[in-house]
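Q: Dumping the structure here so I can ask a few things about it.
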Amino acid sequence: MDIENVLVVAEQAKDCDGLDKTEASENVLDSVVDKEAEKVPTVAREAVIEEPQDSKEGNKNPESDEYAYLDATGFTSELFKIEVRGLPKYYGISELKKLLNVKMNLSTNKIKIMKPGSPFIFICFRCQEDREAAIKALDGFKWKGKTLSAFEAKPSPDPLVRRRKEASAAEGEPLNTKRRSVEACATALAYLPYEEQLLQKQSEMENVLQKFGKELWSSVPSLRSYIEKQREHNNGLPCALEPIRPSPVQNGYRNKCEFSIGKDGSGVKRVGFRVGSYSNGFLEVEPIKDLKHIPDCMKQTVSLFEEFVQASNLEVYSAETYQGYFRQLTVRMSNATGQVMVVVGVHLQELPLEEQKSLKDSIVKCLTSEAGKNAGICSIYFEVIQKRQQGQFTNPIEHLYGETHIEDTILGLKFRISPQAFFQINTPAAEVLYQCAIDLASPDKNTSILDICCGTGTIGLCFAKHCKQVLGVDIVAQAIEDAKHNAERNGIENCKFFDGNADDLIMSLIRHANIIPAQHESLLAILDPPRAGLHVRSITQLRNARGLNKLVYVSCSPQSAIKNWVDLMRPCSKQLRGEPFIAKRAIAVDLFPHTPHTELVILFEREPESGTVEETIVPNTDSIVGE
């Protein structure tokens, strides 16, 4: 597994620039072993190490035994795992879960799919009885014309221990492992002049769109003549691609970082970024003082808290032993006001309440010292990092000191930011991004806008003065509260925000919009989803929505969004009843200087029912947005 992948392994929000995330160990470890598993043959291909409960003293040595974690973690569903083979070539993850959990009523604990369309999967259970019942039900079961086989799967070895044993045998570094500096991990392009970074990113976005075109060609044969004509007009791409828009600020631009707390190669407690991975056999955390994209106020905050951690008698958390307390330090800052918010993430283990209170008091005393005031710290939170329950999207968090929010500005609008809300991490570049989206969409006073995955309402509120109304939805309730506050704070009255799953609410929002075509009213959707993209249910509802003829898709992970784009352009079917959309224009915006990541905005327009796809070709001529 590449080190860069480790640094984004727990990325659930949209801060897509390749920094280390240690939000919860079940996310980190599961993702690491999933990638590592692809290299391991047969039933041991996939290793799952559950979020540890309180460690128990077993009879296995975790330093040398690859299966010691089975005793050390208290409970792991690796003990009750099965392998299912013979799966059909095409099936959806949600479809599979429905089959197992609803139709067959199996008590699954984890379903591990190696990759989409994989002919085999691993399923973990909480007890032997559930595992035996599943094997009996699945072995010989026919699904989509295929006969499944099911059998017990052995627990997978701990990849960390395995790598260390390989290193010991080789008398050196773990095999196939290259240690890299924190600068190379977090800012892989920092060695290049900025103009060369932009050229590289523009080329990468061209590659993404070429891959998009190939996916369309192979999966939608009816579009082949259209794709060929588009390629002729757009330098081999399925739609026009504008020149990349640079970030107005290249250094110190990050307004949020999640720093790991651990030890460096010498065993010194550090607050910084992890430069290794569990599967590679080393978990060192290195300082961030020389990284170009982190502002000085964050570096000062990290240095101050690192001194506190080093002086504390509490240990830092270890993903290997499941012991220790200090896990993560999240720092947010306002580009407009210089305010700094700090969220200290701690694994409390069995720490008594009295000691918990003492720890919180000492944290506040440290961060409100003269050095903390000089760094701009005005808000302090305490986050309890723990295994999340079903339906729980965030960890428990407690306000300890100062302001409950900080405030930043985009396109002249003021936005309140709460500790766990999404906010674009490069504020000046976000203004460029949103202006590109506005110019691509070209709304007017008769346009109603659906803001899907609206977060704190930033993009929808920036659209508000250009349209009739904005209706936003987001699954995070606190983000919706922030969005409502932001609308009121800016005196914007034509925006409404709703908390809930977009998959369930899109049709309700469309009805709420109450579009009247006879009065030349139109409906437009703005999609700004997490890096994994939108669920197919949301795509289906957007396709089936009458009156929705234009859509702007903002992606922080274009490679991951290709499936969504293809589904938007598929011909009508029983599921996708509405006319397909057509990709018209795309613009890359660099929100992440010095890293390989780029935002891509694509305009889709509905194919006219009476027209043909060929009539919608747009040659790559004049730029929509001025340079």
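Each Cβ is built from the backbone N, Cα and C atoms, and glycine gets one as well.
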Q: Of 44-65, 154-175, which span is tagged region 'Disordered' by TrEMBL?
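A: Range annotated as region 'Disordered' by TrEMBL: 154-175.
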Q: To the nearest whole angstrom, state the Cα distance for the pair Asp474 (S-adenosyl-L-methionine binding site) and Cys556 (active site).
A: 17
Q: Take the Cβ of Gln424 (S-adenosyl-L-methionine binding site) and count every other Cβ within 10 Å, whichever protein chain it belongs to.
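A: For Gln424 (S-adenosyl-L-methionine binding site), the count of other Cβ atoms within 10 Å is 25.
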Q: Looking only at Gln424, Asp474, Asp528, the residues listed as binding S-adenosyl-L-methionine, what is the longest Cα to Cα distance in Å?
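A: Among the residues the record ties to S-adenosyl-L-methionine, max Cα distance equals 15 Å.
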Q: Across all chains shown, how many C-beta atoms besides its own are within 10 angstroms of the C-beta of Cys556 (active site)?
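A: Around Cys556 (active site), other Cβ atoms within 10 Å: 25.
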